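Quick look at what TrEMBL annotates:
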- B:82, B:93, B:191: Zn(2+) 1 binding site (BINDING)
- B:93, B:132, B:383: Zn(2+) 2 binding site (BINDING)
């Protein structure tokens, strides 16, 4: 529908269309990075924006950019999020932010063209590759390469559980480009909160001013295969018992700091995983998060001190194979202030929040001034097919994002 | 090599040949039921025995029989075990017993032919289908159908983790027959101990007089998917935490009865198993075993009482989906006595033992008089590529089994 005005109604219609890619029976989506469903939604987004004059490009790790060059040679205000999802996910996580960014830029393109406005910066919509990290690790892979935190060659060689590389997955959906993407002067992202604080307090717009610190670990618990039916307890080296004790200890670490530290084990794989074999190897991914770095360090140290006791109790060895993480870091205060002013001008209740989850903007803010916005999630439910944000909140978010991008493009933070 | 005398040397040569099917780099085997490697070893066994005049047949659930009819119309002494293995298994578990049975029958066939002996019963070597239960559940599937404990149609419809049915797997390796197999007058099985009691005490032959009781359960822990990064602990329903607490509780149940009760969780699968998603569902298989049924009942009751507390602590629900098991049951005392006499006649140290693990003979003894023999396992290691039984112990076992089958065939227990 080229030429159709980018109204609120059109946004909601487009969101309904987008939600059909990889749709699940229970109202969610399954469109992990680089799958056929991801390819379909990327082609749909490309057509939507190309029809309005945007130049759609892919960089060397599959980040998708739709560029509108209004000022030849000037850098871009880059606004976007990610379309990839968890295996059984909600419709809003990431996808809402990409579509909101597309509509913000469509609105500004129409406005600037009608008024003859020449902004200071160009506009670009971005769909970052593999934010979720469920198919390819680490999460936020595309934005990590874009911001120079991860080597492109390393990223392209990452394999999924079936042995398929990022390069092969991107080639299979025709989304492997070259180059490093556009030059960014400012970035913006809008996302659902994935928590319940905004909903609980009747706030429409969260102004993200910092991210929680995270320590992530891959542990491998090594035991010894044995017959479950004939091997007496004293002779066992049960990797699953050791792993289970580690899962329980991780929760205990969080319980020592109620509301201040959270811990999780989301992934755990057992080998050989036969009913009658004592497991010889368990691999698991564990993370600890806190807004207060001293508490994170305390909880982390406590958990690591427990490992020796677990090794002894289960007669196993626990190997820490990989770790990464990030500290508490602020978003640029001038960006938070700009967004606060926009929300106030639009009469929308807003307040600063800290993000517990990582986002592509967590990477981007470290290299370019970045504004991050949240809209409420019903009951805080996320990474779940029941994830929901109301139409009214989605539309309020699009309005705020549009105005933030407008001011950034016009140079509000340029000096 | 038809006509080659079934000597000890030939047994060891055949065992080395058999160990090549599905061989792993670390000296073990991977030949799960109904896989191509299982098909290969079955064809090899069929050729070996057909060349010596045995009639090789498959019943309706893929049990493989090699029949030597010496007395037209008489029932059979059925001796055998299973060739299928765990995913990374040792060379001895099951395979030793099938080959020992084949050689016992080859020796007796040669002796009876040379001496013109007309035994009272016919001879049959059997390779039971899917004893291990790693690919298709339940374990001991083939002997369960043969003994009328499991419906053949139900067994054929069982699916593996990839959705392949028993029927499809058997058809793919050309091992689906019809009928119910030969009529058995007596059964015999020889197996490695898979524990260390015989080795520790210098005993060569274990005379199995009973099996431990077992309770097996499939549990499903139900939680709710949530974002590991943004969902506070109080809002979580973490299925993996609940499952881990259940694994730890199972070990605690065993620790209450040291050496008398053993418990295991060998299989545990997490959904959606993504590093950043609180798991919504964990399925696990748990078993409890004891030679003393009152202790088994106590431990089982204690574990089940813990479930409500685990549900509350992890905010999950725990569903018990399936259960089966078997009580302590004796092997026929006259069979144990016969085997003891044979070992004494051959000058081999022997003593009665109870089997902790289930075996095909555990099923067979419930419908027909059955003799079960063990040979030592080095360090008791089993369900492991390092599984080992010495050549001398293997050959001693073949000698005892041959004489047991000989006496059974001649009618030693017929009255």
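Cβ coordinates come from backbone N, Cα and C, glycine included.
Taking the Cα atom of each, residue B:93 (Zn(2+) 1 binding site) and residue B:383 (Zn(2+) 2 binding site) are about 8 angstrom apart. Checking the binding-site residues B:82, B:132, B:191, B:383 against chain A with a Cβ-Cβ cut-off of under 8 Å leaves B:132, B:383.
Shown are the binding-site residues B:93, B:132; of these, the residue with the fewest other Cβ atoms within 10 Å is B:132. Taking the mean position of the Cβ atoms of B:82, B:93, B:191 as the Zn(2+) 1 site, the remaining residues of that chain whose Cβ falls within 8 Å of it are B:81, B:92, B:94, B:95, B:96, B:97, B:98, B:131, B:192, B:359.
Packing around residue B:82 (Zn(2+) 1 binding site) is summarised by its Cβ count: 30 other Cβ atoms lie within 10 angstroms of its Cβ, all protein chains included.
Taking a C-beta cut-off of under 8 Å and a sequence gap of six or more, residue B:383 (Zn(2+) 2 binding site) has these contacts in its own chain: B:86, B:89, B:90, B:93, B:194. In the shown protein chains, 29 other C-beta atoms lie within 10 A of the C-beta of residue B:191 (Zn(2+) 1 binding site).
A gap of 8 Å separates the Cα atoms of residue B:132 (Zn(2+) 2 binding site) and residue B:82 (Zn(2+) 1 binding site).
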